[in-house]
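To start, the structure under review is shown below, and the notes come after it.
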Amino acid sequence: MSEIIAYKLNGELIDTQSINGREAVAQPVYFDNSPDALHVIRHSCAHLMAQAIKSLYPNAKFFVGPNVEDGFYYDFRVDEAGTKLGESDLEAIEKKMKELAEAKFEITKICSTKAAMSEKFKNDDLKQEVLKRIPEGEVSSYAQGDFEDLCRGPHVPNTKFLRFFKLTRVAGAYLGGDETREMLNRIYGTAYADKASLAEHIRIIEEAKKRDHRKLGVEMKLFGFDEEVGGGLPIWLPNGGRLRSKLEQILYKAHRDRGYEPVRGPELLKADVWKRSGHYANYKENMYFTTIDDAEYGIKPMNCVGHIKVYQTEIRSYRDLPLKFFEYGVVHRHEKSGVLHGLFRVREFAQDDSHIFCMPSQIKQNILEILSFAGKIMQNFGFEYEMEISTKPAKAIGSDEIWDIATNALKEALDENGFKYGIDEGGGAFYGPKIDIKITDALKRKWQCGTIQVDFNLPERFDLGYIDANNERQRPVMLHRALLGSFERFIGILIEHTAGELPFFIAPTQVVIVPISDAHLDYAKEIARELRKFNIDSEVASKNESLNKRIRTAEKQRVPMIIVLGDNEVANRSVALRDRQARTQSDMSLAEFLNLTKEKLSEVHF
């Protein structure tokens, strides 16, 4: 059995330095790759990295070094001159980390008062910044060798446990996330309990670099960004426009088949309506505002208010419910420049957004219908998925009673139908609890995409009503629902999941037709016209380039099918097909090829 590196007591991780005789009533955490063990190992490795940096750069000062998903980071200043480290510096830091780990330093915990710690670190302005954020009371630091840093822990007992680690990337980070403050160095890393697990993680990192949607998006001519336009504002190129349009069209039909009505709300609404909805008080920092004719307006960060206004255009009866509205709504949210990341984190995006107005007795059935719809989508794109219920956050509107009713409605819908789910305490939207649909991609990474939210609050705030069977006015429940989350984010995830090998039914260009010479061009154009009849996008590669170069260009853009036409194909009305996704080459008649493409489209059922 491996050594104990920490304990868990009442759900809290406690290191061996802090257990203080409570071992008998605590659950041991062994040195392995369990989530609890990795949390302790990685947090300790962040301190080991800081110790190495301090050894190499004696004037370095450190801010914070928390765990993040799959690893850790540390924010620090190299020196007063503002020196920035790069990827080339990581090797030397790793080498020093290994030396320090092999020294087998005991890691000790030091407890004191906030005032005493402030005095100890009086010449360290970044430590003073950390102390400002710590409430009064006992404050702890951890020491190993000649290095000491403020920290709550938990840590491994000795640096000997820190053998299998990798520093993965360098970034910049504003002090405390405040864009008006200085930019610090940030180094990310990860650690494991054994060599094989670390090697597998590194393999996944390298594979993720190859699949990076920002890189593939350029290669496939899907989208781009322009600093003159602004950060976080993607520009969709023709290939990307076709991809989005196909996705939108498929989902449009799927929504209509399920009884959803298309609507559209304005993108700019008076601030008064955002005050009424609660967004002004609870979400203002994420919104953009402007003044028109002395009145304040807010650009919508969500589509819910617009759909409420659609609901209010008529008196509604219980016979009308559930009433399902949907919109590909363009929304804008303020994101700090440091967190913008390709299509994953943008300032403008479109949601596949829907709001369902229903009676309380209809909640469960509608949630189950939504989950079935979501399952169909994930199945067609080859994603595994799981669900998580997010509960009331610290900043929220509505009473605890209403929140409990809404949260229980979500749990009951999942429980009664055997769905497994996790709980994210405090992770709900400010107006209601939600089910998050988290998908797993080909690299086993988890992404939060779709969401289902139960909302009793906004119907109350906007005094929504319907007339029941007894001719009395009742309050409807509002279900917020987005299945992809946003088109931008979902497309980015899909590109990385498939390594750019997009499914045939949404590929921007589905077929490239390569005539060997001009003598075969008319036949190529005829095939392109036939494909358009089935809504299949094709391109005739007739540039004055070599045959091999035209084929390589199509392959680089990951076009699913390439057909080559020469004298034999023209004479026999056939095609020489290279099916990229099936990894086959074959000859077939034109009729057979057209049937094959139609079959590929018909395989998709949303």
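Along the chain as shown, the residues are counted starting at 1.
Keep in mind that glycine also has a Cβ here, set from the backbone N, Cα and C atoms.
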Based on Swiss-Prot, name the residue from C151, C304 that is recorded for the same Zn(2+) site as H355, H480.
C304
Please report the DSSP secondary structure of H480 (Zn(2+) binding site), reduced to three states.
strand
Find, among the binding-site residues listed as H355, H480, the one whose Cβ has the highest number of other Cβ atoms within 10 Å in the structure shown.
H355
Helix, strand or coil for H355 (Zn(2+) binding site)? Use DSSP.
strand
Could you say whether, by DSSP, C304 (Zn(2+) binding site) belongs to a helix, a strand or a coil region?
helix
Other than C304, H355, H480 themselves, what residues in this chain have Cβ atoms within 8 Å of the centroid of the Zn(2+) site's Cβ atoms?
M302, N303, H307, I308, D353, S354, Q453, D455, L458, M478, L479, R481
